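K.L.:
Straight out of Swiss-Prot:
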type: TRANSIT; residues: 1-23; note: transit peptide
type: TOPO_DOM; residues: 24-65; note: topological domain 'Mitochondrial matrix'
type: TOPO_DOM; residues: 87-92; note: topological domain 'Mitochondrial intermembrane'
type: BINDING; residues: Cys101; note: heme binding site
type: BINDING; residues: Tyr112; note: ubiquinone binding site
type: TOPO_DOM; residues: 114-120; note: topological domain 'Mitochondrial matrix'
type: TOPO_DOM; residues: 142-168; note: topological domain 'Mitochondrial intermembrane'
Amino acid sequence: MSSTKFLKPLCRIRAFHTSIARSFTIPFLPKIPQKPGGVSGTANDSSYMPPESRAQGSYHWIVERGLSLAVLPLIAVPLVTTGPISTFTDTFLSLVLLGHCHIGFQSCIIDYISERVYGKVHHYAMYLLSLGSFLSFVGIYKLESQEAGLIASLKSLWDNKPVEKKRQ
């Protein structure tokens, strides 16, 4: 057997494993031209430090970790209890899940649609995320105040039974 029989399939596979710069960009979004190496100025210039912000520093990290840790017991409560959970717990679970999802999608936008590369598209994505989170908050309010709540709605989907509305 010749070695060319084995090398041809490997060459085809190798093409999928190479990393090209264009494979790390979003093709339909306009990009800002970048300087070589992404460095502005000369080697002797000091780097740009963004202004300090309480919303973006360690407080942001603490809130993110707190929401992530709060999700675990709040999801376990409806699984452990057989009856309905309190309205406060249901609302708190809904809001914690909304905050957790908002921060997670915000991190994805910051990582993959960076302001340095995509410019205003980054801001549009953040505005759309904020709008979606606000509309979700309104939906949570409606679900908790006029319907049976998040957990009861999920249980009705699971059991395939209609949900009874809250009495006012």
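Glycine too: its Cβ is placed from the backbone N, Cα and C atoms.
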K.L.:
When you measure from the Cβ of the residue listed as 'heme binding site', which residues in the chain that are at least 6 apart have a Cβ under 8 Å away?
P.N.:
Ser133
K.L.:
Apart from its near flanks, which chain residues at least 6 from the ends of the topological domain 'Mitochondrial intermembrane' (87-92) lie with a Cβ under 8 angstroms of it?
P.N.:
74, 77, 140, 144, 149-152
K.L.:
In the same chain, which residue numbers or ranges, 6 or more beyond the ends of the topological domain 'Mitochondrial matrix' (24-65), come under 8 angstroms Cβ to Cβ?
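P.N.:
The answer is 99, 103, 112-113, 116-119, 121.
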K.L.:
Using Cβ atoms only, which residues of the same chain lie under 8 Å from Tyr112 (ubiquinone binding site) while being at least 6 residues apart in sequence?
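P.N.:
Expected: Ile26.
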K.L.:
Using DSSP, what's the helix, strand and coil tally for the topological domain 'Mitochondrial matrix' (114-120)?
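P.N.:
Residue counts for the topological domain 'Mitochondrial matrix' (114-120) by secondary structure: 5 helix, 0 strand, 2 coil.
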